[in-house]
Amino acid sequence: MTHTILNVQHLSKTVPSTEGELSILSNVSFQLKAGESLAIIGRSGSGKSTLLGLLAGLDLPSSGSVTLAGHQLNTLDEDQRAAVRAAHVGFVFQAFLLLDSLNALENVMLPLELADHPNPQQRARELLIRVGLEKRLKHPVNLLSGGEQQRVALARAFATEPDVLFADEPTGNLDSQTGETITDLLFAMNQELGTTLVLVTHDDQLAARCQHSIRLDAGCQMEFTCN
Amino acid sequence: MQLKLTSLLKLAIKQLLRERRTAELRILFFALVIAVASSSSIGHFSERLQGAMQLSAGEFLAADLVLSSSEALQPTQINTQYSDMLKTAHTLQFASMLATENSLQLASVKAVDDNYPLRGHLRSLRRLGGEEISGGRPQPGEVWVDAELLNSLNLTIGDSVEIGATELTLTRILTYEPDRAGNLLSFTPRAMIHHSDLTAADVLQPGSRVRYRQLWSGDAQTIRQQRQALQDQLLPHQRLEDLEDGNQQVSNALARAASYLNLASLTAILLAGVAVALSANRYARQRFDQAALLRCFGLSRRQTLWLFFTQLLTLACLASLIGTLIGWLTQLALFELLSGLLPDEIPAGSLQPFMAGIITSVVMLAGFALPPLIALGRIPPLRVLRRDLIPVAPATWVLYGSVLVTLTALMWQLNLDMRLTTALLIGGGCAALALGIVLFFSLKSLNFWLAKRNLAWRLSLGHLLRYPLNSVGQVLAFALILLSMALIILLRSELLDNWQAQLPQQAPNHFAINILPSQQPDFSAEIKSISSNVAPLYPVTLGRLTQINGQQASDLFDANARVMRTLQRDLNLTWTHQLPNNNTIVQGTWWQTNDSKHMQVSLEQELAKELGVAVGDQLTFHIAGLDYLAQITSLRTVDWNSMQPNFFVIFNPKDMKTTTHTLMTSFYLPEHSEQQRIDLAKHFPSISILQVDAVLRQLRDILAQVTLAIELILLFVLAAGITVLIAALQSTLTERVQQGALIRALGASRQLLAHTQRNEFALIGALSGLLAWLGCEISSYILYHFTFNLVWQPHIWLAALPLIGALLITSVGMLGTRKVLNSSPLQVLPR
């Protein structure tokens, strides 16, 4: 029987503005079991990225709670949340966020080295081969194409074998064909490693490939569906 | 994340190695290397040069420290706890008659031991007109005499000379005696003998007037300790002398040179500091994403900060090592270049400049790079999703506080005059702030003007106006660079001109004393026929100051007071209608002929201060058995460096008509004029001619060394300035490349882009030059006034600074950012 890895209860986020408190997320609740996948969908400005940030412990809610891998994030300070991220979380970003100063291999090695992995280079090499970049290992990342950069980002995200992978519009910067290839790769690796996947997208086709989806509109949870 | 410290350290170093290709890290590294190389080479060079100069200057005392006394020294003074660590020698000096078969002559006899002199060498001739020999000293049984004595006793080498009860053989003609050069009052001709002949000569009787001198030399620290130990047990009839006392001219030159070298050093470090601050800021900004990512990967705020801090610390250590090595090689090369000019045994120098270099880099990094680095620790991890999130900047007080602490630490390390430098820095800071505000609003007001300009101007100025705060910062930074370079060039030429003016090529190098009034016409005529530069003839008489305002002068002061020396000895007094050339009246007025019933006297300002008297006070002088009551009518400053007869006390001539006196003057004779000097002595046997060539020669040597050092250090500052300029421009390169690519992508020609860049650089350069001009005049005024004691005047050539700034920044800028023009628009667009 699989356990609940992500439990979200009455999550709200407000920010101060010139016209008083502005609600950007209101009363979101759901649960996700280990190995499942969830798409967060909605239009631009609907609060998708805000929700992702709260789920990953990058930000704190104004009210409500997020429990990730048994840790109630809203009761932890920033350093404790960082420790939870280190142990359980991986990320893929729309803008890839690779470090220009490092080559592809070094980018993937970085989280492994941070986790004191015994053989970061070999593991990083295996992952890059897995994503089809065996001929690009030593390439400076700024010379890679968008698709290739996102593959490096995928390899980096799966490097530490996280329990939960958060992906923010992973195909947002890619053409549809490349986006599809990346999506295939993402789901395949997700399957292989049994990772829980939470992705933000405005692409309904991509969302349809996830087991669950949550639709947001102006910060409110409109529906939580099982596909 | 439980990441071990060693793992973090390892990772930091790995990251550093991986990132070695990045421009900002290279610039930061380069700036640190420059700072360390300039500070350690200047530090090392000036330390060794000072050592070398002290060595030459120590010649004036023939030692580093001298205790002179009119009585034999106490054993406790000769054998202090430091004596064993120092080299020592002793001399005795007394007046005695020298006799040959046919004649007698009073001479100043100096008995020396086997170690004398401890600094410098005696120089002598084996025969008149022969080759000058350096080194050696009279051996037992020998006597060396100077040319005057040779002439007056009609001696030749090998003759016997009687001193007291002993007979010695003349073996050399003494031409140079290091510790005699500094003392212009040693008028009687010299005979030098070995100390061991004193007993046989039997000339020293109880009550004889003897000058005992104990000499020490050694490392500076022990000499300082010895001086302190002796100072505490100094008796009233004793006097301690070190380099400071040895020769005022040399110590003045050294003090100015040291001030200049330190200032140059601070300038080079500050310039590099600007580069460090700029490149560290760029380094930090480029790592915002990296820091956010690391936080996502699970690193705590402290670990993230520690990771970057370790990287920079490693970089600083590496830069220190390389900078120190470059610094050491540079000073070695400099000394190789100067080898002909400096003494043979240049002291090796300590490790302190190396340590100082390393400390400089760490302190600079901490002060200038820490604030932007702290910002990295404040990166919210949410930035990975929201790119607009930038860290909260460190509080302003942290920023300025750290810069202030850094500067204080650097100043302390360079032994700069804290009060003055602080005043300069605070003044400079306030001026920069005020000018920055003016500049900010001026830039803003340009918006109106801009609307009517062509596209190139609109684009270039638009860039400046869009970020006025950044632009103001950039202009101020360039202004600081230009100001520093201009100031260093300015001071260099002022100092050199000043020294040149002090020692003109034909400055008098001989003094003539004991000229009888009856000899005056003939002597004047002869001296004018052989010399191109003769000072006026001054009457001289000896007199003692006995009363001040009717009170016994010696009762007014403490027995140990310095002024008691003046009261207990005869002063050289003179009188003249005209104020001597190198004297300036600072209080009261110079007399008009016969304008008072009272007897009038003019006093040198420092002496008046010591005596506590002012214009209007009355002084009583005891001259040739008579008391003279005179009123002070003026106080003067005297240029003691002028090589002219100078006097503490000058009377109005109307009151001195009947006073018995002799005359004195100074004049110039070219080198190798021994024959003219001997002829002069033959024609006027009673007149003493004192040669002070050696003083001038030594002074010129020292000044030549200082001049060369200054020229070379100037090159350093210029090189540092230009490099920092490039570094500063490089720090904005990415933004420029991106903007350039965008403009080109929108269809702008390469030429338009070049125009845009050129206009922007020219404007920044001109504005920086303008600020540098103002800043340079203000800071030079402060420095001249308080540090270098120079007369300040506006410097017209500084008005060229805006043009120089525009040209310099434009050319360096265009060169440094040619990548902007050459890069394809595609290169910066996302792939």
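Cβ coordinates are placed from backbone N, Cα and C, and glycine is handled just like the others.
Predicted, not measured: the structure shown is a model, and the values here were computed from it.
Look at TrEMBL and you will find B:27-46 (among others) tagged as transmembrane segment.
Taken from TrEMBL, the feature transmembrane segment covers B:260-284 (among others).
Residues annotated as domain 'ABC3 transporter permease C-terminal' in TrEMBL: B:263-377.
The annotation transmembrane segment is assigned in TrEMBL to B:305-334 (among others).
Annotated transmembrane segment per TrEMBL: B:354-377 (among others), in sequence order.
The feature transmembrane segment is assigned by TrEMBL to B:389-414 (among others).
The transmembrane segment feature in TrEMBL is assigned to B:420-443 (among others).
The transmembrane segment annotation in TrEMBL covers B:464-491 (among others).
The transmembrane segment annotation in TrEMBL covers B:706-729 (among others).
The annotation transmembrane segment is assigned in TrEMBL to B:761-784 (among others).
For B:796-816 (among others), the entry in TrEMBL reads transmembrane segment. Here the transmembrane segment (B:796-816) has Cβ contacts under 8 Å with residues 478-479, 482, 486, 490, 722, 725-726, 729-730, 733, 754, 757-758, 761-770, 772-773, 776-777 of the same chain, all six or more residues outside its ends.
Between the transmembrane segment (B:354-377) and the transmembrane segment (B:27-46) there are 3 or more Cβ pairs closer than 8 Å, counting only residues 6 or more apart in sequence, so the two stretches are in contact.
The largest share of C-beta pairs under 8 angstroms with the transmembrane segment (B:305-334) comes from B:27-46, of the ranges B:27-46, B:464-491, B:761-784. Looking only at the domain 'ABC3 transporter permease C-terminal' (B:263-377), the predicted model's pLDDT averages out at 79.
With DSSP classes pooled into helix, strand and coil, the tally for the domain 'ABC3 transporter permease C-terminal' (B:263-377) is 96 helix, 0 strand, 19 coil.
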